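Positions annotated as S-adenosyl-L-methionine binding site by Swiss-Prot: Gly113, Ile133, Gly134, Asp135, Phe136, Val137, Leu138.
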Amino acid sequence: MKIDVLTLFPEMFQSPFEESIFKRATDNNLVRLEIHNFRDFAHDKHHAVDDSPYGGGAGMLLKPEPLFEAVEDVLREDPTPAPVILLSPQGRSFNQEVARELAKHERLIIICGHYEGFDERVREHLSTDEISIGDFVLTGGELAAMVVIDAVSRLIPGVLGSGESSQDDSHSNGLLEHPHYTRPPVFRGWGIPDVLLSGNHAQINRWRRKESLRRTLKRRPDMFEKIPLSKADRKLVDEILAEENTQG
């Protein structure tokens, strides 16, 4: 996958993507990241990319000309089709389902917002998608872009060392992950569930599924309501509710 990022602060992307999993992905040509400073496409003497809004009001807006020219230049260099994604608090909520959707593309073009936002013509005539990573305010879209890039890259075949790694992550199957334990078996008097030491893989898998259901039901009831439960899942949920009632 090729990912083009349009930003005013290209230096922000250097360190995070030169380490760990993403570096291996780029070294193995699984992901190609190209950063473009769209200030290079501002042609006045001050290289201004923003201006005050018509009708008045606080703040500045990103002008349409530099962004349109930047995207057009990127597509001229490489005409591979790609969704043009605005990172904006007005966008659809980013989640694992959206990450899977984006991972199916050969290429992404991501525009990082700043100031009070974009001239509306960018939204109407340039972008094809608009994404928000949450209901909070950031100084710019760079951190949001990093979140999207990281989440999407993990889903590209070959990026992770284990084929099961991304499938077992929280949210990948609609559930939060089950608890994990490693050595030592007892730490400061705190042990681990006996089933994990039993060697019985069927029982271990049952325990993991049950704890995923328990954790999702308790921490993310909104997610739990959307999960299609099998007959075995419903039995586990009944056990969980009975245990919770006993403890309560």
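Note: Cβ is positioned from N, Cα and C throughout, glycine not excepted.
Features per Swiss-Prot, on structure.
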| residue | record | DSSP (3 states) |
| --- | --- | --- |
| Gly113 | S-adenosyl-L-methionine binding site | coil |
| Ile133 | S-adenosyl-L-methionine binding site | coil |
| Leu138 | S-adenosyl-L-methionine binding site | coil |
C-beta crowding around Gly134 (S-adenosyl-L-methionine binding site), within 10 angstroms: 11
For Leu138 (S-adenosyl-L-methionine binding site), the number of other Cβ atoms found within 10 Å of its own Cβ: 16
8 Å Cβ shell about Gly113, Ile133, Gly134, Asp135, Phe136, Val137, Leu138 centroid, S-adenosyl-L-methionine site members excluded: Pro89, Ser132, Ala144
Residues Gly113, Ile133, Gly134, Asp135, Phe136, Val137, Leu138 binding S-adenosyl-L-methionine per the record - widest CA separation, whole Å: 15
Among Ile133, Val137, the one of these binding-site residues whose Cβ has the fewest neighbouring Cβ atoms within 10 Å: Val137
Long-range Cβ environment of Asp135 (S-adenosyl-L-methionine binding site), under 8 Å and at least 6 residues apart: Pro89
